[in-house]
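Structure first, then comments.
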Amino acid sequence: MTTAAVFGTGSWGTAFAAVMADSGTDVRMWGRRPEVVAAINAGRNDEYLPELALSSRISATSDPEEAAAGADIVVLAVPSQTLRDNLGTWGSALPGNADVVSLMKGVELGTTKRMSEVIADAGGVDPQRVVVVSGPNLAREIAVRQPAASVVASSNAGAAQRVADACAAPYFRPYTGPDVIGTEIAGATKNVIALAVGMAEGLGMGDNSKASIITRGLAETTRLGCALGGEAVTFAGLAGVGDLIATCMSPLSRNHSFGVRLGQGMTVDEVIAVTKQTAEGVKSCTSILDLARHHGVDVPIIEQVDAMITEGKAAQDVVDALLSRPRKAETG
Ligand SMILES: NC(=O)C1=CN([C@@H]2O[C@H](COP(=O)(O)OP(=O)(O)OC[C@H]3O[C@@H](n4cnc5c(N)ncnc54)[C@H](O)[C@@H]3O)[C@@H](O)[C@H]2O)C=CC1
Ligand SMILES: O=C(CO)COP(=O)(O)O
């Protein structure tokens, strides 16, 4: 019997805990907020996933030691920019022999580290034990057991296989792979492209405009990922184009919805004030742009989203800037 600990009781931590429980894995969750912990122990997490009745295989605690004790797999699902501080607080509770899974889709501000790098760095975890799960996995669809597939990536094939075994459910199909860098860059960058697509939608644009941003967004994501050492094939797969389509087209995506509001004319601060959940692209646009500049990669859409978020550039000016760039060959 596999036992997993899930750190983070938000939408995806909870939905992924439910997937693992449906796979036959016992799950103990760690959460900061006592009321959410109590709700989970009563079989619900109504604040994040009201449609989900939790399996009796899932329990919760506010004590990180209790959550992690004896876990074969530790799953991390806190907002990306909080991961380092969290690991500083409870990283020492993680069992030395557990596989450590990142569900997070962000790049750390300041350091430009991917989440697997932060886990190794701040959690002292051997990179051979780090596994990344990423794909078109909108939590609210998974919570009602709609079929979806995902990528389980690790440089250690055995670790990827163990995690895939612990989360394979009748409606959730994990595919293993070796490309940690490509999987993480694809997951973090699609959030930024979803902000741009949402912004276009908020301005009243239709499917041609959105498809154009998605496709050119995929081109710059692939360019960046490959420059960092990722494999091009990853960007054509579930963690790449799969997640990009789901996030850019779905009203369930927080990043997409954030972008729609910007396109409708709200300011960044106004949107932040009405956004209760994590929209990772809002912070990671800057760290991803930093990464791209450091590696000399041209990322025009990410650059414009960053200007919109950090400088308050108007949505229409972003569109004008993208359309007035010098013309070039599509593959250039
Ligand atoms: N929701 C989704 O559909 C999916 C989300 N993800 C990724 O999973 C990660 C987590 O996202 P969600 O669970 O959706 O976010 P969420 O906003 O639903 O939940 C975040 C959780 O972290 C907690 N939290 C907030 N600040 C914290 C801090 N400083 N320390 C500890 N805990 C803190 C919140 O209380 C909450 O329990 C993100 O990186 C996101 O991109 C990936 C795939 C799907
Ligand atoms: O990563 C996701 C789907 O795969 C969820 O996207 P949002 O964080 O934009 O809701």
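Any Cβ shown, glycine's included, is placed from N, Cα and C.
Per TrEMBL, NAD(+) is bound by Gly8, Thr9, Gly10, Ser11, Trp12, Gly13, Ala139; the candidate from Arg216, Arg223, Arg254 named for the same site is Arg254. Residues Ser11, Trp12, Arg32, Arg33, Tyr48, Lys105, Ala139, Arg254 are recorded by TrEMBL as NADPH binders, and the candidate that the same record lists for that site, out of Glu220, Glu280, Glu303, is Glu280. Listed binding-site residues: Asp243, Ser253, Arg254, Asn255. Those with a CB atom under 6 Å from ligand 1: none. Nearest in space to Thr9 (NAD(+) binding site), taking C-alpha to C-alpha distance over the recorded positions Arg32, Lys190, Ser253, Glu280, is Arg32. DSSP classifies Trp12 (NAD(+) binding site) as helix under the three-state reduction. Highlighted here are the binding-site residues (Ala139, Asp243, Ser253, Asn255) whose C-beta falls below 6 Å from ligand 2: Asp243, Ser253, Asn255, in sequence order. Cβ neighbour count for Trp12 (NAD(+) binding site): 25 (other Cβ atoms within 10 Å of its Cβ, all protein chains included). Taken together, the residues in the domain 'Glycerol-3-phosphate dehydrogenase NAD-dependent N-terminal' (5-158) have a mean pLDDT of 98 on the 0 to 100 scale. Inclusion criterion for the binding-site residues Ser11, Trp12, Ala139, Glu280: a C-alpha placed within 10 angstroms of the C-alpha of Asn255 (sn-glycerol 3-phosphate binding site); this criterion is met by Glu280.
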